[in-house]
Amino acid sequence: MNQMEFILGLVLLSVLIFGPVTGDINNQSSQQIPNVSSIITGPEVQIEGNQTLLKQEAEPETAEEWNQKGNSLSDQGLYEDAILAYDRAIDLDPEIATYYRNCALALFNLGKYDKSLEFVKKALDISPRYFDAWNDKGRAYQKLGRYDEAITAFDKVIEIDALRPYGHGNKADSLYYLGKYSEALPLVEKAIRLAPDIAYYWTLKGDILRELGRYDDALVAYEEVLTIDPGSLYTYGNKGSVYRLSGRYQDAIEMFEKQISGSPNAWVWNEMGLALTSMGDYDEALDAYNQTLIIDPSNSFAKEKIEGLKKLLP
């Protein structure tokens, strides 16, 4: 075989192996490489360069994997999907109290308090000293307005672990709603000693002191809230309420205006109306109550005050 025949043979072999070259031989990018998305199937995952890879998500297999999936969905606020995942976990292993408690918590976050209680009770059947489940049980009873039953649950929370603040604070909250302010105060003070950086306990303490007529002490508590959480606009409304009850109407109005600037609600407009009425500003008070009705058209308190003010106005 001479040299020319050898070269021709190599060219023919390259064509057979690689196929014919088309277009500009110096621009090999003109040959099209199949897109990866035409080969891989599954949900798309965005990557650098506006390209996509498709990744098939594996379905959980074990009870704990379903539980973890439920937790992930709950963290995203996808509570209905989370409940389905927890149900699968329970089906696979019905003897784990945590799965029932997690499902109860998702139901609680959906406002399904009766159903939440069913699951939290199942958790407690399996694990009778489950601290979080007892606390959740009390909170569900609170939402249902069943405060005496809530207090019983929170007593159990305190019995299990008195060094955590939640039982003391939540029991104080229930007593507050029952109007038992003197009983609530020492409990919320215990919660504060255990967890001084939780703003809600200071808010509750301020509310209790306000109801007890201890206005200066209430203001101190609300100031502590603002130290912990300077953006708590509702606390300005609470301070305004104390100022109004103390007869400091102009100070009250300034506080109400601070809350209204960022978090207006029916309560603060009603409080504004009361302060303005006490100052004799009946027209402005009427405007305040009308703002209440824009937010809450069925607000009976505002309607009653409007009818009264109309009798005072010429």
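Think of each number as a place in line: the chain as shown, counted from 1.
In case you wondered, yes, glycine gets a Cβ from its N, Cα and C as well.
Tertiary proximity for the repeat 'TPR' (63-96) is limited to same-chain residues at least six positions away from its ends with a CB under 8 Å from its CB atoms, namely 102-103, 105-107, 109-110, 126. Feature annotation from TrEMBL assigns repeat 'TPR' to 63-96 (among others).
If you look up TrEMBL, you'll see 97-130 (among others) marked as repeat 'TPR'. The helix, strand and coil residue counts that DSSP assigns across the repeat 'TPR' (97-130) are 27 helix, 0 strand, 7 coil.
Per TrEMBL, the feature repeat 'TPR' maps to 131-164 (among others). For the repeat 'TPR' (131-164), the predicted model reports an average pLDDT of 98.
What TrEMBL records for 199-232 (among others) is repeat 'TPR'.
According to TrEMBL, the repeat 'TPR' annotation covers 266-299 (among others). Within its own chain, the repeat 'TPR' (266-299) has Cβ neighbours under 8 Å at 237, 240-241, 244, 247, 249-250, 252-253, 256, 259-260, 305-306, 309-310, 312-313, counting only residues six or more beyond its boundaries.
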